Amino acid sequence: MYGIEYTTALTFLISFLLLRYILKLVVKIMDFIVYRFLFVILILSPCIKAQNYGINLPITGSMDMAYANSTQSETFLTSTLCLYYPKEAATEINDNSWKDTLSQLFMTKGWPTGSVYFKEYNDIAVFSIDPQLYCDYNVVLMKYDASLQMDMSELADLILNEWLCNPMDITLYYYQQTDETNKWISMGSSCTIKVCPLNTQTLGIGCLTTDATTFEEIATAEKLAITDVVDGVNHKLNVTTTTCTIRNCKKLGPRENVAVIQIGGSDVIDITADPTTAPQTERMMRINWKKWWQVFYTVVDYVNQIISAMSKRSRSLNSAAFYYRV
């Protein structure tokens, strides 16, 4: 019995020593082959000339400089562009493949397939409340309507800037605007806004707080009204609350990755004159109205000039989050 155990142990020991010897031999052979191969390459290298397909960059200097055979990174190769258009555009064009056609045309301007998104809206006023501006660059096409000239100017102000808003309870409280960035924004099917400024004793200045007919009317039957009153003065408000909502808003700053293109109209709507618009960068443009195909062709042709007036937003952002917070 003990003899069998000794024999088994001896067998394992011999196998282990044999395996160790074989592995050492294999390592020596591989070393010999590798070293010989490297030696041959070293000898033949000066005699062989081959094309270098790599990029030869100097060790020193700015990596932003353009070198021969290097690849430049363009804005549109790493960015997304959203083009927002009214529903009537698709209705007039009446072509199921019109977006594919435009995508191919955008490629000629350096925007690859998949980087341009076409987004339809039904009503510009509703769109301005919840614009969903997710792309790095966002271009909004807004057709001019002479009957809504002031509304369009205010809609552009909403789209091109970020706002922080809170509901107003005008039945219980007086309100005042703290500075030029503080506005009251009213929206609805019909907004009539009346105000009564108050003195330090909460008595009306030129009006009676108990009689709304003596209030000063500053907006009449408008769908959108951005109200600006004298800063630092309490006001009692009267608003047609059945058809309108009013909110106390603060302009946080420009959405620099958004541009508005006015389609048609004799004059371009200019909101840069507003002292709260800073920096004074023009991101409001106009295209002569003919047909929607002509409008889109013009946008494609000048897309890179339009983008140059904007700043890329590096992260996706639900812009509506800046509008109404309770």
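Here the Cβ of each residue, glycine as well, is placed from N, Cα and C on the backbone.
These figures come from a predicted structure and were not determined experimentally.
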Correct disulfide partner for CYS135 among CYS82, CYS191, by Swiss-Prot, is CYS82
Bonded to CYS207 via a disulfide in Swiss-Prot, from among CYS191, CYS196, is CYS196
The residue that Swiss-Prot pairs with CYS191 in a disulfide, chosen from CYS244, CYS249, is CYS244
Going by Swiss-Prot, the cysteine from CYS47, CYS249 that pairs with CYS165 in a disulfide is CYS249
Whole-Å Cα distance, CYS196 (disulfide bond) to ASP301 (Ca(2+) 2 binding site), is 51
Same chain, |i - j| six or more, Cβ under 8 Å of CYS249 (disulfide bond); the result in sequence order is TRP163, LEU164, CYS165, ASN166, ASN182, LYS183, TRP184, ILE185
